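Q: Structure in structure tokens, see below.
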Amino acid sequence: MAPLYALGCEGSANKLGIGVVSHDPATNKTRILSNVRHTFNSPPGTGFLPKDTAAHHRAHFVSVAREALKTAGLTSPKDLSCICYTRGPGMGAPLTSTAIGARTLALLWGLDMVGVNHCVGHIEMGRVITGADNPVVLYVSGGNTQVIAYAEQRYRIFGETLDIAVGNCIDRFARTLNIPNDPFPGYNVEQLAKKAFFEEDGVTKREPVLLDLPYAVKGMDCSFSGILGAADLLAAQMRKQDALLASGGTLKEGEERITPQDLCFTLQETVYAMLVEITERAMAHVGSKQVLVVGGVGCNERLQAMMGLMARDRGGSVYATDERFCIDNGIMIGLAGLLAWETGFRTPFEDSTCTQRFRTDDVHISWRSD
Amino acid sequence: MAAAAVETVALEHLPATHTVLLALYRNVANASFLQEQLLSRNADFEYAFVDASTVVSRFQLLSAVYKAVSAEMAGAMRTPNVHSEMVVSLSSNNNISEAYRRYGVQPATKDVVVVKVLISREGSPSSLTPEDVEKHLETHVQGDSVACSDEELAKVTDWPKLRKYHKLNGLPWIEAIKDEEAKKKELEMLIVSAMAMRGT
Amino acid sequence: MATPEPVAAIQPPPPPADATHEFPLPPILQRSASTAELITQGAEGRLYRTTWLAPDRFCALKHRPSKPYRHPTLDARLTRHRILSEARILQKCRREGVAVPALYGIDESQGVLSMEWVPGRPVRVEVNEYLQRRSGKYPGRARDSVARDEEGAAPLVGLMRRVGEAVGKLHKAGIVHGDLTTSNMMVRPWERNKKTGPINGSHQEDDDDTEHSLEGEIVVIDFGLASQGSADEDRAVDLYVLERAFGSTHPRAESLFPVVLEAYKDTFKAASVVLKKLEDVRMRGRKRSMLG
């Protein structure tokens, strides 16, 4: 049997991603033929609004899809088995815009549609790329924070955020500090955190200062809104110090001079320690030694390093991908959709809607039987 | 006066560098002399002289000893030496002078538990041997040496005082225990737990 | 059809060099010949069975080792906070008369908590063995749920009652356990002989040959995720976790869970609000299925 091909369309947040993926049911080999992405970035200090993001996706859908098909080098769109699109979770307007694009292609070429859960897309992509067959999954992005493990044809959520997502916490703090959104706020926070070390010629001139932030883990769940609030307060204190020093004043005796570098360093150290802790608890719970990190926050090098240290102590490894795969993309949607399509799953045209809330454990993982 | 019986106690999880010596004297006639030696920091009297009426059992006593020695090893003592640390470790609050007053020897103290730790450092053994200590106590403590056993200790325990010190009155479930032995065991555990929490 | 050039995939990481990573013992277990046996190893830390002060007094020593992934300042802060919190909760339970292990010693800087060793076996083991004996005796019932009034059910009903009472007392004392499973409750055998019998764990090794039964006092253990509080929501989650534990670990005994709740209600005055909350938590739980 020849490999099957699918086109995946992702637009649940500010990235529009379209790509072509192939999967051979006989050999279980997956190949990525194209992975095109266009990101909507708002100016520093602002977040991306649903309306503007949706407009971005509509404006770029045709060119991104064209490039994805061209790069993939398919002779005809008819070689595709299905058009896969993100059904949710995510922001309503961008989801809908992308779904309209996907429906148009499906009608144009007379292809089946497959609506895909965004989180399941991340997980399947991560498994294929890293070769982790049955890991505990930490899914961390701007919209989601979940610790997931597979059991009986479901990706079960063992722990999750009780309020905002970790990526949202970092993005919003980046806005507080007026850090650019390009390429993405978390990347810039990470670069600032690295500068907290003040290295010169490979020698650390000053250890970064770990400021006081709350630490909010409850069993396998965690919470980030209190941390964001506390970090914002520290940032406000820093600005007061800036103003005081600019007007020739001096800090109170024993008062630590707060820097953006230390703030970013502290925020990262705190929230990533929380994520590693709940992941470790889930690993102990299900007896797994593999951990897979997916989602946009998953490409943070410090998080990957911390996760690696934890996994090493448990005699296992961390599996992580780079920004081509862990940041939202079309191929993950194409892959998860294709796997479902192979088991007979179809999304009828009249049901090809979107939903902002769509839990990972709502999806029947029909293609796994372990 | 009977020959002083000084017992060497092996405590679990203590390194071989530390030797714990234990003795109990009833009807001590020179308690004020003993207290004065401590107050004047007489180097020959590096002992924990404990008012035996504040001791419930060997377990509780040794809990304090172990806590003090652990603090000594960790360099985390809150008092001048390991012996004063033991007296303070019998308390469940952080008031050090009150702890000396309550648990240490006082002029009116009748029965005294003596604890001594011999510590050898960096290959040089302690300058004293258990025999030296026994001889020294025999000379200077005027009292009846008895075995420092649970039975002997129980004879002198002042429960009302201890219950007040450790805030153990007004616990209805304790009062509801009919069996006196069982009640004392529960109280002992509460005291030991409270001692463990002290200083945290 | 043209064969396109695939996008390069990422190589999986090499296996760790030291796959059989040895965990460091806490200093207390390194400095003498006293023996220690590793009992459990969770994400939080490790539990050793060792001795305390005397060779015939057993102790449960919990070690929360420092986590290399955490910033040292944060690590020290968390370890200290958690050891002290657990110690305070044990102490509070003891004072309120809730059967929990007595506290022997704390070394928060090293992340070590030493507690009374509770003899006996977990409720999980006792209940499963009871169910096995029942299947042996009445093969016809092997797959049926236990009925409250069936022959031979009295000891199990009694145990479930004592479990409910233990949880009621715990909540009454203002403590929420946070991980209330049948593995975190021990059945401590009643003292057989009051005069020479063991009290508070200061006694000989538990003999595996003795006849184990459901008779004994329920002792709640492992307060590593516990907190002080009186939120009905948290209490309801405690009950829900316990209910799920019965459902997943001993499905045939789940039919008797109402006995647990009845005893809980008889022991704890504010129970009715909690039981109402439990309904909500169950509804949500079905949606969330976070317990896997």
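Every residue, even glycine, has its Cβ placed from backbone N, Cα and C.
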Q: Hey, TrEMBL has substrate bound by A:TYR139, A:VAL140, A:SER141, A:GLY142, A:GLY143, A:ASP171, A:GLY186, A:GLU190. Any idea which of A:ASN28, A:ASN300, A:ASN329 it lists too?
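A: Within the candidate list, TrEMBL flags A:ASN300.
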Q: Just to be sure I read the record right: A:HIS118, A:HIS122, A:TYR139 are listed as binding divalent metal cation in TrEMBL. Which of A:ASP322, A:ASP328, A:ASP351, A:ASP361 is listed for the same site?
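A: Of the residues offered, the record points to A:ASP328.
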Q: Measuring Cα to Cα, how many angstrom lie between A:GLY143 (substrate binding site) and A:ASP328 (divalent metal cation binding site)?
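A: On Cα coordinates alone, these residues lie 11 Å apart.
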Q: At the Cα level, what's the spacing in Å between A:SER141 (substrate binding site) and A:HIS118 (divalent metal cation binding site), rounded?
A: 11
Q: Once the DSSP letters are reduced so that anything not helix or strand counts as coil, what is A:TYR139 (divalent metal cation binding site)?
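A: SS state of A:TYR139 (divalent metal cation binding site) = strand.
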Q: Since the record lists A:HIS118, A:HIS122 as binding-site residues, which of them has the fewest other Cβ atoms within 10 Å of its Cβ?
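A: Counting other Cβ atoms within 10 Å of each of the binding-site residues A:HIS118, A:HIS122, the minimum falls on A:HIS118.
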Q: Where A:TYR139 (divalent metal cation binding site) and A:GLY186 (substrate binding site) are concerned, what is their Cα separation in Å, rounded?
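A: Taking the Cα atoms only, A:TYR139 (divalent metal cation binding site) lies 15 Å from A:GLY186 (substrate binding site).
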Q: From the centroid of the CB atoms of A:HIS118, A:HIS122, A:TYR139, A:ASP328, the recorded divalent metal cation site, which same-chain residues not already listed sit within 8 A by their CB, in sequence order?
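A: Same chain, not in A:HIS118, A:HIS122, A:TYR139, A:ASP328, Cβ within 8 Å: A:SER12, A:CYS119, A:GLY121, A:ILE123, A:SER141, A:ASN144, A:VAL294, A:GLY295, A:GLY296, A:MET332.
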Q: How many neighbouring Cβ atoms, not counting its own, are there within 10 Å of the Cβ of A:GLY143 (substrate binding site)?
A: 21
